[in-house]
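Per Swiss-Prot, the features are:
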| type | residues | note |
| --- | --- | --- |
| REGION | 26-122 | region 'N0' |
| REGION | 124-188 | region 'N1' |
| REGION | 189-264 | region 'N2' |
| REGION | 267-347 | region 'N3' |
| REGION | 352-602 | region 'Secretin' |
| REGION | 604-678 | region 'S domain' |
| SIGNAL | 1-25 | signal peptide |
């Protein structure tokens, strides 16, 4: 048996669907009489192609009819309005699904947060964050709750620290409340009071009043920090400018009047013990600062000599005590505060820079000297002096040996000759063949390093002083000659001035020099003293901390061939080698200089680098000690581990322990430590 009431409702729904189908595709008409709310929701979802989830608590009958054709947006708003009338709301989800819940549950659901660009319309459930500039939200929120449906889906919450309102409800209601807030939130701090100070400093007064006002707000005051009165100092006229609400301005003005009183003393004196800076150098900086302060206070003027100035009716004096590295300053309180800030910013630990240089030099040289010399007893012959064994000298030394039996001449010739020499004679002819091949290799690696302060020049010098004859003078009374000797330093020199820039970059002004005494004298300078090999680089580079860059280098290759020969005879193929001397020399030299700066900003980094260097040096000592024989070498002294105290005698160790005990007793606030007699 079919229920007649239910059949009538189904017929009504069918008629409504037929009416909707007969309209345009984007227009709808609705007519529901005593229809179940679930059927109404399902019909709307089908027409709008929306998936709708219905909460189980959504139940009831509805009666509604639309006489006009509605477009899709109007139809959706009509749907929301009907649900609002019956105490329900729609919550859109991220995936496009709609959820129908009771209105009082909607405000705790994931409803969208809107703003001025898209505030929402109609009966959509939205949340709006409204900033308030001139009125306390604590006082405004209760008024708005009376205009909102707090029993349903509406809600008004205030947040004091940011002075904002969080309004939740139907979009039309929320927009109306936002408009109410805008009209109520009128600027109430346009009035300004200017207080001319007679004795106190405007800057110091503003700092004091601001701190007091801030403390009052943080202790639970009703006024938000955004609504607190604003206090600004006008240093030019030594005035305080106050703006805000009338009551707040009156309280600030009264406070300023009470503080702006004449002090009994015209100044005070303080002693600043510096931790890092040098008091004597800082005095000059503070004198310049005091000059600027006086110009600001008086509108121009000059300071008295010696760092004294008359500022604000009082004397300003700045001096340094070098024995304690302290500054003694006498000034008015406001000036003292400014100078104290300057001292605090100047007396800081300056960064240091570790500069490590690597100097690499590789040199190779090869030489070949071949020569044949002839002599005749009747006179004549060929002789080449570049062999360091001329045949004429050999003949004279041989004749001296044959006639007198002395070998002095031959010994002197042998001292200056290297290589092989072979000779023979037949009849009146004699021949001398000399041959010499040389090969030299040299690898030099130097790694000087130095630590210096930022913007402080430092130098490093390791080498020896070589005596060089600079002149000579004959005596007027005798035949003696007096030579003047100077000392020239040779070795490794490093002079550097680092400047730390922004972003851990270091500008290095570097002067690098590596010098040594040449093993081979330049031709024709044997009587003039030693010859020096010098490599110098003077440069300025910008390097990032920890990076290694090349400063400069040299790649040099020289090939030299010297031929001494008898004209015509020395040019004969093959046989010409018997009438000439050939000297071939080839040399190569590669020189590179690298640099690496490292910024040391704190003691931990400095200690870590020192520990690494110390440990590496100690490891070399241990390795050398392990390779030495206990029978041939005495026991090598090795450095203790890094951070470990050097062994002391028992008496010294006892005194150190007593000193540590006294320091510990003083730090713990105990009774003074007294050593008793035993």
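Yeah, the Cβs are placed from backbone N, Cα and C, and that goes for glycine too.
Each residue in the region 'N1' (124-188) gets a DSSP state, and the totals come to 25 helix, 19 strand, 21 coil.
On the 0 to 100 pLDDT scale, the region 'N1' (124-188) averages 80 in this prediction. For the region 'N0' (26-122), DSSP puts the residue distribution at 29 helix, 30 strand, 38 coil.
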